[in-house]
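Worksheet for the structure shown next.
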Amino acid sequence: MSHGPKQPGAAAAPAGGKAPGQHGGFVVTVKQERGEGPRAGEKGSHEEEPVKKRGWPKGKKRKKILPNGPKAPVTGYVRFLNERREQIRTRHPDLPFPEITKMLGAEWSKLQPTEKQRYLDEAEREKQQYMKELRAYQQSEAYKMCTEKIQEKKIKKEDSSSGLMNTLLNGHKGGDCDGFSTFDVPIFTEEFLDQNKAREAELRRLRKMNVAFEEQNAVLQRHTQSMSSARERLEQELALEERRTLALQQQLQAVRQALTASFASLPVPGTGETPTLGTLDFYMARLHGAIERDPAQHEKLIVRIKEILAQVASEHL
């Protein structure tokens, strides 16, 4: 049997006797994907589809975890960025996005506290409204159906891991087994990055405030302890003085009673007045005046007064 001439475009079979379209050719394709890639001039079916890069395509909206749910609020810093970004872009159309963000960050740091508070207040109002809407949404039937669907997707993902691997090896997309459609992949959109930076800045600000408050609290605690010690010391001194005052009052009362009893037998010369507890001071003044007017005449009275005073002093002083 005569063989026809070989076709000009026919390729030689690889070692092992298998054609490229058979299993051996598939192994070669896998090795090329794992290695450095095909040589120059070689084209495979996988070159028709570009290699996927990490991250999320620019401009593509992030998939919502809860469909039809309330939109999450942004911080005051992000509100400021969203308001000022277009103005900066209009004035500087050739300025790249990182430079715009840097300029806005510097502008935010120099912003007056009253202006900052306006954005923070708006963000707080939006946050309160979001929490209210979220609580209402979590009670709805749509939320329950969504959570059930997410749970089913997780179970389906675990069961379809082998099918996903086969799809990747065959070099084409799987409509239902694509990893990006199964997982909620975090994306780095403009809004996401701005919100992340704003949260980090807010955390740094709160940490600084926390440190300042802790220092103030420590100072106030020291002042409080000092004031408490001073108050306790003053209370002790006051109690001591009150005891001393009470003792002196008791001693004074005893002396007045002893003087009243002792001078009861010595009437004032010329008037015959004798002392009582209520009139003791007046009596002693009258007696002193009478003795000063004529000391020589009242020498015996003076001697008696000295004896009484010495006796009272020895008993009560």
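Cβ atoms here come from the backbone N, Cα and C positions, even for glycine.
Looking up Lys31, Lys149, Lys197 in Swiss-Prot, the residue bearing an annotation of SUMO2 cross-link is Lys31.
Checking Ser109, Ser160, Ser181, Ser229 against Swiss-Prot for the annotation phosphoserine singles out Ser160.
According to DSSP, the secondary structure content of the DNA-binding region (70-138) in residues is 55 helix, 0 strand, 14 coil.
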